[in-house]
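Colleague: Handing you a structure now.
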Amino acid sequence: MFSSAHSGLLEKLFHYIDLHQDEFVQTLKEWVAIESDSVQPVPRLRQKLFQMMALAADKLRNLGAGVESIDLGSQQMPDGQSLPIPPILLAELGSDPEKPTVCFYGHLDVQPAQKDDGWLTDPYTLTEVDGKLYGRGATDNKGPVLAWINAVSTFRALQQDLPVNIKFILEGMEEAGSIALEELVMREKDHFFSSVDYIVISDNLWLSQRKPALTYGTRGNCYFTVEVKCRDQDFHSGTFGGILNEPMADLVALLGSLVDSSGHILIPGIYDQMAPITEGEKTMYKNIDMDLEEYQNINQVEKFLFDTKEELLMHLWRYPSLSIHGIEGAFDEPGTKTVIPGRVLGKFSIRLVPTMSPSVVEKQVTQHLEAVFSKRNSFNKMAVSMVLGLHPWTANVNDTQYLAAQRTIKTVFGVNPDMIRDGSTIPIAKIFQAITQKSVMMLPLGAVDDGEHSQNEKINRWNYIQGSKLFAAFFLELSKQHSGHQMPSSVY
């Protein structure tokens, strides 16, 4: 896989990373200590976000990168306050036309976290317990961003020429919807991204605790609300119960018409757009190393709907799913309040798979709910709205950087990676692919039990350090495998 010269350099790179792993962990501790929460619209936290982006910019400049901090202006909040948006960092290290250029995307903002949410440690004090580094942002996404930086800094420390040109795009609002990112990518398409050959994202997890993975697809997401309204005020059930169409009863019937107890979506035509299953895809599922019992235990689930690995993965990745999320306007507090809500709003979403279109799904959902509501002969008013429509994403697993990543994983970890999709929605992958027309790859570092977004988020020291080695080796292998520009395309 690697020439003798490259093998010798790899040994030096890996040895340096091992020797300096405590320094790398200390840097992660410093980054985790910054409460860069983008979700809560609080001036103090916005200041923390600016502090985080400035720290990252300094880190990149110390590597010798040219860094541009893009001012994004301010954000008007529903309560009338105006909050500054943290800048997006565009950084560049090397511009040799003989080398491929790889751009790394990451985010430095985090979800909210407090000790009394159920954390065993202070979420903003990186704490190591049995090789696990606990802290908010450790795996999502500060750890992977630093692992990439660690790889670059190792070449620098050993006075070795980087085999690829490196670019960074780092944002601070991913957890709040990546405000202004798509517009920036569009604006920079013919500038910052013009020389980019490959884009790497490391913002998801492996399927297991020990076996690495490469991700080649994510599901899209259509988020809906359905409102049923009689009037703005609530009713007393003793005064009005039995003499009107209750909005809650209508809404429960509507939500109950969407999906059955086996997870099958009941909306007519919803499966018609789905890409057919290929033999190559079936083989991929068979080759994935997954223990169903372990997966159930890790996720604290007594039993899933499906008994085989292949069925479970297909329903998680390549079949659409429908989830009901909640009801606004309903009484949900302790006690025995006998109110009839005058207006209720149901919320549900459908995860899309290739080659489903949000606009088609919106039409199908609306027609289905209107038909169900019509049969109830209710005097209430119903309104359906799709508030979010995000496309699914797939990559070409046979393009240069995927082949390079597979070989690199074999070198660093000694095993071939699981080729996986992600059942969630990561819009940035589709945004990069659609706008830049470059090869986009998701190369995760974290284990399945890292707990991103939840209490006790962590990244294993082993994943963090081996991930730093992985990225360093990837630079060498990508340089070797690079054979000109390849347009990303659907894997199926």
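Note: Cβ is positioned from N, Cα and C throughout, glycine not excepted.
The feature active site is assigned by Swiss-Prot to Asp109. Feature annotation from Swiss-Prot assigns active site, proton acceptor to Glu174. Annotation source Swiss-Prot lists Zn(2+) 2 binding site at His107, Asp140, Asp203, citing similarity to another entry. Per Swiss-Prot, the feature Zn(2+) 1 binding site maps to Asp140, Glu175, His453; the stated evidence is similarity to another entry. Feature annotation from Swiss-Prot assigns phosphoserine to Ser194.
Where in this structure would I find these features, and how exposed are they?
Modeller: The secondary structure of Asp109 (active site), as reduced to three states from DSSP, is coil rather than helix or strand. Sequence-distant neighbours of Asp109 (active site) (same chain, 6+ residues apart, CB-CB distance under 8 A): Ser36, Asp37, Ser38, Leu49, Met52, Pro86, Glu171, Gly172, Met173, Glu174, Glu175, Ala176.
Using a 10 Å Cβ-Cβ cutoff, Glu174 (active site, proton acceptor) registers 23 neighbours. Secondary structure at Glu174 (active site, proton acceptor), as computed by DSSP, is helix.
Every protein chain considered, the tally of other Cβ atoms within 10 Å of the Cβ of Asp203 (Zn(2+) 2 binding site) stands at 24.
Counted within 10 Å of its Cβ, the other Cβ atoms near Ser194 (phosphoserine) come to 10, all protein chains included.
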Colleague: So for Glu175 (Zn(2+) 1 binding site), how many other CB atoms are inside 10 Å of its CB?
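Modeller: Other Cβ atoms within 10 Å of Glu175 (Zn(2+) 1 binding site): 20.
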Colleague: On the three-state reduction of DSSP, what should I expect for Asp203 (Zn(2+) 2 binding site)?
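Modeller: Going by the DSSP assignment, Asp203 (Zn(2+) 2 binding site) belongs to neither helix nor strand, so it counts as coil.
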Colleague: Ranked by the number of other Cβ atoms within 10 Å of their own Cβ, which of the binding-site residues His107, His453 ranks first?
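Modeller: Per the Cβ count within 10 Å, the most buried is His107.
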Colleague: For Asp140 (Zn(2+) 2 binding site), what residues in its own chain, 6 or more apart in sequence, show a Cβ-Cβ distance under 8 Å?
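Modeller: When sequence neighbours closer than 6 are ignored, Asp140 (Zn(2+) 2 binding site) has Val110, Gln111, Asp203, Gly446, Asp450, Glu452, His453, Glu457 within Cβ distance under 8 Å.
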Colleague: To the nearest Å, how far is the Cα of Ser194 (phosphoserine) from the Cα of His107 (Zn(2+) 2 binding site)?
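Modeller: It is 22 Å, counting Cα to Cα.
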Colleague: Neighbours of the Zn(2+) 1 site Asp140, Glu175, His453: Cβ within 8 Å of the Cβ centroid, same chain, sequence order.
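Modeller: Output for this site, in sequence order: Val110, Gln111, Gly137, Asn141, Glu174, Glu452, Glu457.
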